[in-house]
Amino acid sequence: MYIQLGGIRLSELFTLDKLLELIGEYRSLGPIVAIVLPFLEAFLPFLPLIIFVTVNVNAFGLLWGFIFSWIGSVLGACVVFLLIRRYGHTRLLRWLTSKKTIQRLTVWVEQKGFGPLFVILCFPFTPSAVVNVVAGLSRIKFITFTFAVMLGKLVMIFTLSYIGYDIASLVKQPIRTAILLVIIALLWLVGKQVEKRLMVVQTKVGQREKGNE
């Protein structure tokens, strides 16, 4: 018994030839789509950035796939920052600014500036969407945020690009695939540790505020 989708057996969608064919069709859409998908991830963080980057580098090559992904991701982060900076303190988003966690992280970003932003944005699987929002609510300068995003995303997107490049070899060389899966798992763990560190920071800021009352 075979499951079919649009006249194609589902199992056939996961063959190397079919994947390469789909990537070729994606390439024909041009670089705009390759930029827009990472851009949208800044607004919808549940979207799989690693998949977008992987498809881009396999469709356009390591260099251009990386560049398109980086441009989209940086633009998305900057637009989110500007929107939050403009509308974050209005009634529309008051529910967000009233959260103690957001308020404490905002204070922390204002105090620490460029360094922590850069480090957090270097790692995949960190809450970059939260960072964009918090930075937008803070008094950090847009140029400082942009510089941190450009450099941090440079490291992060290149890491994802290198991991996801050359799908054919990933299929043909299971050992390489296994190693890359381990690397992804380690990056995920590091991302979670960074996220926990952010929670510790906001707790300390909250305790300091209570001590000053």
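Positions of Cβ are set from backbone N, Cα and C atoms, glycine also.
As written in TrEMBL, here are the features:
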- 32-55: transmembrane segment (TRANSMEM)
- 49-165: domain 'VTT' (DOMAIN)
- 62-84: transmembrane segment (TRANSMEM)
- 114-135: transmembrane segment (TRANSMEM)
- 142-163: transmembrane segment (TRANSMEM)
- 175-191: transmembrane segment (TRANSMEM)
Same-chain residues near the transmembrane segment (62-84), Cβ under 8 Å, at least 6 residues beyond its ends:
31, 34-43, 49, 52-53, 56, 93, 121, 128-129, 132-133, 135-137, 142, 145-146, 149-150, 153-154, 157-158, 160-162, 165
Restricting to the domain 'VTT' (49-165), report the mean pLDDT as a whole number.
83
Work out, from DSSP, the number of helix, strand and coil residues along the domain 'VTT' (49-165).
101 helix, 0 strand, 16 coil
Sequence-remote partners of the transmembrane segment (32-55) [C-beta within less than 8 Å, at least six residues beyond its ends]:
23, 26, 65-66, 68-73, 75-77, 79-80, 124, 127-129, 132, 157, 160-161, 163-165, 167, 184
